[in-house]
C-alpha cells in the first residue's frame, strides 16, 4: 500500500520526563522540587553528559538516601536495546531500541580510522513516504522526545569509551564518539523542537551537554523549506544535509513526496539561506537509482542548479541505492555512477560517492525499518 505524506505525528502518550529533556534552568527547578540543594543539578548533569552515567545508583557523589528518588523522577529507563547486530568486521553496529510504549527505532554506530560516527533516529518511523526508503514505507509511529534522542548518543558514547575498539590512544578515532548524524529513522525537521533541544545538548560543553563540535553534527531533511530557514536562524553551525535525489520537480514529486509541497527551487533557496546565514557548506544527498535518476542529463541539470543556487557551498554525496525488501529499484552500475559524478563536477560542483556502511545488516541509508 502506498504511504501518504504525514507531517503531524499521531497523538500518543509521551514517556516520563528525563533529566536530558531539561535545560539548565529546568534542571535546577526539578532538583529543587525534589527537596535537594540546587548544586545537585550540576552534579547530575555532569554525571550524565560528562561521565555518561544514567543510573543514580552509580553516582557516588549523590547521597545514597536520595538515589532511588532521583532515579524515579529524573532518570526513568526510556529505551532498551532489543537486538544488536554487526558487520564490517565489527566496525558497524546496528541497535534496535524499544521505548516504554513499545515504539521501536534504530541507531547505527560506525567506526572509521579517523572518526567514530553514530547515526541516530529522531522519530519512530517516518511520515515522508519516500518510495525507495524502507523507513518511509513503514509509516510514522510518533516523534521521539529529546531524551530518547540523546539516549542514543549517550549509549554510543558510552560504548566507545568502554571498548576503545582496539584503536591506538590519541588517534582521532580512538575511544571517543566524534560525529553525530541525524540520518536514522524519521524527518528531523518534522520533530523540530525536540531535535533542536537534542542538538543544543549535544554541542554544549559539559555539564550542559556532550561537548561535540557543531561542525561534527549533521541534520538531514527531505526539504521542509520553512524549517530549514528556521534552523538557519538558530545559528548553531551544524551541517545541513538535503536529501534531494532528483533535480527536476517531475521526478522529485514521486521520489520525495514532500516536493509536492515545496518544489526544488524553493528548497534550494532555503538551502542557500542556510549556507549564507551559517557560513556552512550544504551536503546534497543523491541516492543513485538505475534508469530512474542516473541519466547524464539529470547529472548536468543537478550540477547546473546547484552551481547557480549554492556555488562552492554545495557538496554532492552520491549514494548507491541500498536494497530494501520488495523494492523494484536497484543501484546504478558503476560506469553510470562514475559518469554521473564526472558530469556534476564538470559543472563546478564538488561531488563524491559515499562510503556505504552496514548494507549487509540493513543499516545503510534508507534501510532502517526497526524490524524486531
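From the backbone N, Cα and C atoms, a Cβ is placed for every residue, glycine too.
Residue 106 (active site, proton acceptor) carries a strand DSSP state (E or B). As annotated by Swiss-Prot, active site, proton acceptor applies to 106.
What Swiss-Prot lists as active site, S-methylcysteine intermediate is 365.
Annotation source Swiss-Prot lists [4Fe-4S] cluster binding site at 126, 130, 133, citing sequence analysis. Other Cβ atoms within 10 Å of the Cβ of residue 126 ([4Fe-4S] cluster binding site), summed over all protein chains shown, number 28.
Residue 187 (S-adenosyl-L-methionine binding site) is surrounded by 29 other CB atoms, counting those within 10 A of its CB over all protein chains shown. Taken from Swiss-Prot, the feature S-adenosyl-L-methionine binding site applies to 186, 187, 220, 243, 244, 245, 322.
Here Swiss-Prot flags 119-365 as disulfide bond. Counting every protein chain shown, 28 other Cβ atoms lie within 10 Å of the Cβ of residue 119 (disulfide bond).
Swiss-Prot lists 112-359 with the feature domain 'Radical SAM core'.
Listed recorded positions: 106, 130, 133, 243, 244. The one with the lowest count of other Cβ atoms within 10 Å of its Cβ is 130. The average pLDDT computed for the domain 'Radical SAM core' (112-359) is 93. When the Cα of residue 187 (S-adenosyl-L-methionine binding site) is compared against those of the recorded positions 106, 119, 126, 130, 133, the shortest separation belongs to 126. In terms of Cα distance, the recorded positions that sit within 10 Å of residue 119 (disulfide bond) are 106, chosen from 106, 130, 322.
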